[in-house]
Every structure is written in C-alpha cells, then in structure tokens.
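**Student:** Take a look at the following structure, please.
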Amino acid sequence: MVELQKKSDQSFNFEDNQNKLNQDFDTSICKYFFDSNIDSVIKDLSSKGIRKIGIAFSGGKDSVVLAIQSKYIATRYGIEVHLIHVHHGLYAEADEWVQRNLKFAERFGFLIHILYVNVPTDTNKGVEAAARQARYKAITDKCKELGIGHVFTGHHIDDQSETILIRLLRGTGILGIKGIPPKSEIYGIKFHRPWLNSTPTYNILELIGHESIKDPSNFDSKYARGAVRNMFDASIASHFPLWQKNVARFAQVCVEVDELTRDLAILDAESVGLIFNQKDDMGKEFASLDLQLFRSLPTRRQINLIRYIFKELNVLNPTHSKTTEIIRQLNSVHQMGTDRNLNILHENLVIKLCKGMVVFNKVKGD
C-alpha cells in the first residue's frame, strides 16, 4: 500500500511499470480499448500539438473505462495521460478509494495526482454543487501547475439525460435544456466529454479483472441526481427502453432552437443599434441600444434580445420573472428615456437610461 501524507496533495508516476495495456492483454481484448469518440478528440488535440491530457478520475466504472481507453489511444499519438483524483472528505470510504485508485494506476502504468479539498456543507448551493465547484477548482489549479490544458470526463448519455430532466424539473429554459456541452472551458481549462451521445464499454472492467469504486451518493435520494436515477429505474426503462436517447435527442432540438433564437437576436441587435465593447470616461465596459427602436419589437423578441445581451456580457441570465420586470420597466419609462432614476441591478450589471439609450454597464469584474 502506498503511503500517503494525510490531507496533502501528492503525485505518483507509475509509467515505468511494465504492466502496460498492450503487454498485459492480447489483441482480442485490446480491440475493446479503442473508442472512436475518444480517438476523434485525441486525434484533433494531437494535430494541435497537445502532448498532455488529464482524466477526471473518481475510480468509478465510467472513469476507469475512460482512463483505459484514453491511455490506449493517447499512447499511439505520443500524448501523456494524467489521472486526477479529488478526495472530497465527504465519505468515510474516501481514503480507501484513494488507495484503490493508486493500485489501479500502478497496475496500468499511469501518472496520478491525489488532490484534497474541503467541501462546505452549510452553503446555500447544496453539497452537490459545492463539491462540484471544489472539484473543478482543484482539478483546474493542478492542470495549470502541470501545463495541462485539456481534461476528459466520463459523462455519457445517461448523465446527459439525467441532467436535462433535473433542469426541466427545476423550471429551466431552452438554454438549460440543452444539457451538458461536449466541450466547455472552466477556470481556463478545456473539458471534453466524448461520450455524451453514447454508453461506455463496461465489459472492459471484466476483461481487465478490475472492480470499480461504487460511490454511495450515486443513488442517494437526498441528492437530486440520485433521486432522478432511482425514479427512472429498471421499471421505467422497461416501458421506455430508449428514454435516454429520446431525451438526448430532445436536447439536440433545443440546441437548434437556441441557435435560431441567437440568430434572431443578432438581427434584432442590429435593428436597435446595439453596440458592445464601449468604454465610458472611467474606462468601464458598457453596451447600449436605442430605447425607441427596442420598444418597437414584440415583447417575446425583447426578452430574447435581453437574454442575448446578458450572455454576450458574460452575466448570468436573470430568472423569467426578473427578465419580465426588466422589459416592463423599459417599456414604461418616457419614450426618450428621460427617467434618469431608472436603475436596474442584476449580478454585476446595471441597466440605466441616457439620452434615449438603454445602457448596460458592468460595475465590477466577472
């Protein structure tokens, strides 16, 4: 058993071990190590000169299969694979999980990094969200230290469909129903999710003789995702065997609808004289549009344009009720915008009027 210094981040390099994938297994097994989705992403990264990638590694079945297939494929492209495991300290088994993951890394010749985080349990965000934020922050900080700009995660079609259902139940709009993106940037690091429209090759676990970690939170109904998983159990799947694919297809339709609403917003932005990237006398960034022209738009397109502006300014979209209130106030003020006391604050953005123009002013950093 590898000795760990308690609560101190540590890295281990087992690459020199001889138990490599292509040495331990014959071709009849190795053929399962190839995944076209992973290969497509790694091939693209290789063409751009990328020589290191990270794997968000819990030790669960998804991340184990992802690690095996990514290493098998990345080795062909001369890319170094780093496993990154985050110890959240939320379960008594967490120390045992670290040891099991180290044994896995040692057996298959991985570089692995063990990161410890403290997850606040008294936050309004909830434990799930707080743990996710702490995990991403730890992973991205380590990647910056190691010079890694790209991380793979094991999210797949089940995670995608569950996410869409959770967001739908919470009352999200089209943007949220789009689900998890195949690629996103978090704290300056790009995260890739090659399996969002597919299912991992789980028989790899049996072929390599590995028992993955089972996180009890995955089916714990006190967490939203666990509740949804328990609700859509085998009995539901027996009636709707393709429900994950159908939900994912619905999400793709939402992506297309979102793109159409964005195209419409760009046309409306031009019609109302919307200008971004302006600077006031103090050097603060702002955007502006003509109030009178804005009011000539139908209400639904006003709402769509306001959401587009917020997104372009990297400001969290307001709730539907707050967006409706912003529209109401803009349609109620004097036609020439002489109501100089109008002051709508949302996040780090202030909406004011000046000489017939609606001004969206950033008041502090992102």
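Heads up, the Cβ atoms here are built off N, Cα and C, so glycines get one too.
Just so you know, TrEMBL annotations are computer predictions that nobody has curated.
What you are looking at is a predicted structure, and each value in this text was computed from that prediction instead of being measured.
For reference, TrEMBL lists these features for the protein:
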type: DOMAIN; residues: 53-230; note: domain 'tRNA(Ile)-lysidine/2-thiocytidine synthase N-terminal'
type: BINDING; residues: SER58, GLY59, GLY60, LYS61, ASP62, SER63; note: ATP binding site
type: DOMAIN; residues: 289-331; note: domain 'tRNA(Ile)-lysidine synthase substrate-binding'
**Student:** On a simple 10 Å Cβ count over all chains shown, which one of the binding-site residues GLY59, GLY60 is most densely packed?
**Tutor:** GLY59
**Student:** Could you break down the residues of the domain 'tRNA(Ile)-lysidine synthase substrate-binding' (289-331) into DSSP helix, strand and coil, giving a count for each?
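**Tutor:** Helix, strand, coil within the domain 'tRNA(Ile)-lysidine synthase substrate-binding' (289-331): 31 helix, 2 strand, 10 coil.
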**Student:** So what's near the domain 'tRNA(Ile)-lysidine synthase substrate-binding' (289-331) in sequence-distant terms, Cβ-Cβ under 8 Å and 6+ beyond its ends?
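**Tutor:** Residues 173, 175, 261-262, 264-266, 268-269, 271-276, 337, 342, 344, 346-349, 351, 353, 356-358, 360, 362, 366 contact the domain 'tRNA(Ile)-lysidine synthase substrate-binding' (289-331) from elsewhere in the chain.
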**Student:** Neighbour count first, Cβ atoms within 10 Å, every protein chain included; then name which of SER58, SER63 tops the list of binding-site residues.
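**Tutor:** Its Cβ has the most other Cβ atoms within 10 Å: SER63.
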**Student:** Enumerate the residues of the same chain, SER58, GLY59, GLY60, LYS61, ASP62, SER63 excluded, that satisfy the criterion Cβ within 8 A of the mean position of the Cβ atoms of the recorded ATP site; list them in sequence order.
**Tutor:** PHE57, VAL64, LEU66, GLY154, SER212, ILE213, ASP215
**Student:** Using all protein chains shown, find which of the binding-site residues LYS61, ASP62 scores highest when you count other CB atoms within 10 A of its CB.
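**Tutor:** Per the Cβ count, the most surrounded site is ASP62.
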